[in-house]
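For reference, TrEMBL has these:
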- A:81-289: domain 'ABC transmembrane type-1' (DOMAIN)
- A:12-37: transmembrane segment (TRANSMEM)
- A:84-107: transmembrane segment (TRANSMEM)
- A:119-141: transmembrane segment (TRANSMEM)
- A:161-183: transmembrane segment (TRANSMEM)
- A:215-235: transmembrane segment (TRANSMEM)
- A:268-290: transmembrane segment (TRANSMEM)
Amino acid sequence: MRAHRPSGARGAGAAPYLFLAPAVVLFTLFTAVPIVYTAYLSLRRTKVSGLGLGRGARREVFAGLDNYSAALGDGELWAGWLRVLGYGAIVLTVMLGLALLFALLLDSAHVRLARFSRIALFLPYAVPGVVATLLWGFLYLPSVTPLRDLGVDVVLLGPGTVTFSMANIAIWGGTGFNMLVLYTALRAVPRTYYEAARIDGASERHIALRIKIPILMPAIILTTVFSVIATIQVFTEPTALRPLTNTISSTWSPLMKVYRDAFVNGDLYSAAATSIVIAAISLVLSFGFLRVVRDRAFQEG
Amino acid sequence: MRSGRLAVAGAAVLALALSAGCSSGSQESAAPTAAQTSAAGPVTLTYWSWVPNMDKIVAVWNKAHPDIQVNVSKQAGGDDAAAKFLTAAKAGNPPDLIQAEYQMLPSFVAADAVADLTSGTAQVKGEFGEGVWGLVTLGTDAVYAIPQDSGPMMLYYRKDLFEKFGVEVPKTWDEYAEAARAVHKADPKVYLGTFSSKDPGSFAGLAQQAGAQWWSIQGESWKVAIDDAATKKVADYWGGLVKEGVIDDQPYFTPEWNKALNDGTLLTWPSAVWGPGVLSSNAPKGKGKWEIAPLPQWSAGENATGFWGGSSTAVAQKSPNQAAATQFATWLNTDPEALSLLVTEGAVYPAATKGGAALTSAPDYFSNQPDFWQQTAAISATARGFTFGPDVNVTYNAFKDAFDKALQNGSSFSDAVGVMQETTVADMQKSGFQLAR
């Protein structure tokens, strides 16, 4: 009977599971378990009795959804989202716009020093975020900035400008990377398309707008999703700039609030709940964006 | 065969006896002696500290005590080290010894992260003054750490520039305000001082001078009074001067602040006894130009100051070698040789009363003021502190956020103090601490 059974997935026996095992084990250990533990922590809290000094005065108890209702009802967290939204709007448009522009310029026929420009634009991405922030921080500080000597008198870390100054750091660091992704995608386009367009009388600008950008759409969407996620997770720039100025609070971005709750206030439990809220929002935002643009990007029905 | 078996049995008995001795040693022994610890075999202790050159000081101990080797792990200091220690304690692998700032000690105790050293430190108490000792007992019968250094506050000022602007050293805060106005009027680029919204420790010290009592224990409950009259008075004093524009509002320890100290556009710094170390590294150009004086007083004739910083050596609750760790901590903070090393290598102002003997010549940066240490001793005698609560980290973080906001919006400083009070009380209530009304 066995010989008549059609060969297929069933006939393979344990082999597929064996091949899957490393991935499953790694996923369980390093992704699933931490997530489950975070979810568990988010449902608990400490309960102190009396003065809270001495042994056994502090216990861990079940808190239900208290931490979640506190996280959702916290005005500071939502104000943080708003600040990050404003920051993200600047970063996403300027950084991706510049990246696209540079990629198109580098790919166009008439560019000189292409190799050098590519490396020069990419270089800031290799500078660690903290270093980049301190570097810019020194340029921003009124009394040590060389801008003053040049006659430019602007307050770069004031309440109105600090968001732009921070966005500038992210744009400086991120443009090169995104440009490289787009440029690589452009290089994969068969040159015959452009020849055909030129024979039809299209200018370089027309080729860029009508051919290159539509072909680039999947890559643009990919870089956008990555940038949205990176923006939601903004932490390094505000944290490193904070000691230098009065304008950045300890809860400037949602992740900074998680850090403050966990490591400054010592409340791992509400930090865990806030983390899960942030993860949920960033999932919704990135999948929502993908859903909206899916048809155009991947020609799916 | 027979002898072999005997040897095995003997070894087993010996091992049993040793382990018994070892466990009773760590649980019951009142004062660990070198004999006991050597019976347990050599132990290695980890010590988190940010005192400069601590490795050199520890090397002296390690040479004399081959059975108790201490490894120093250099920390960034302050709040970061405290957060790291609390996390490590929760995770179950803390260092054996930790440099604990006085204000953080209650948080460590509340998290059950530090051991009660009462039994090992019976004879140590006499080495310290009452005020400092109270900071490590938290007013209870337990002893949670051994004091290392203290930070009585004083006024650092640029003597040369005071003469240039024709300003007297202010004896009261009113005089300080007048001087601030005079100096800023004479040269709008120059400020007498700055109010830092990033240094709650400094503000706490100024509040202590004014007589504030942020926390106190009443029976089985905590009383929180951060918004008491004394603190509000201090807050509004500085708020008024900042609003008037005669006191700067940039934080301490920033590149800008360093620059202001160096180029002489900042003339005073109300700071603690550890100031010379900071000034010599952040403002090398000012060497020989600064002097110290007692902090200005709230009313003429008074004589008081507060503490900014200062730390102790605590032993982790989870350390398997508490007795050995206590022995090292005691040596480090009371032994004359260690004290003199702390002064010369670590540049700390020892909390132990015997430490004064080691303070002979003025710090290099203050070579122009030969009686630096005599002055310091006189000021130190007038310092008063207060009990710190179990969530100082929350209060201090609230200080930074609330005063940042007040400086930005130009709003009232005493309202910011109100925010500190509310945040602290809310956090304590949430955790379940009993609060006195």
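Every residue, even glycine, has its Cβ placed from backbone N, Cα and C.
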Considering only Cβ pairs within less than 8 angstroms, which of the stretches A:12-37, A:119-141, A:161-183, A:215-235, A:268-290 has the most against the transmembrane segment (A:84-107)?
A:161-183
Using a Cβ cut-off of under 8 Å, list the residues of the same chain at least 6 residues beyond the transmembrane segment (A:215-235) that approach it.
84, 87-88, 91-92, 95-96, 99-100, 103, 166, 170, 174, 178, 181-182, 185-186, 189, 193, 253-256, 259, 278, 281-282, 285-286, 289-290, 293, 296-298
Six or more residues beyond either end and a Cβ under 8 Å away: which residues meet both conditions relative to the transmembrane segment (A:161-183)?
83, 86-87, 90-91, 94-96, 98-100, 102-103, 106-107, 118, 121-125, 127, 129, 132-133, 136, 140, 154-155, 216, 219-220, 222-223, 226-227, 230-231, 234, 237-238, 241, 245, 247-248
Can you tell me which parts of the same chain pack against the transmembrane segment (A:119-141), counting only residues 6+ beyond its ends and a CB-CB cutoff under 8 A?
102, 147, 156-157, 165, 168-169, 172-177, 179-180, 236-237, 240-241, 244
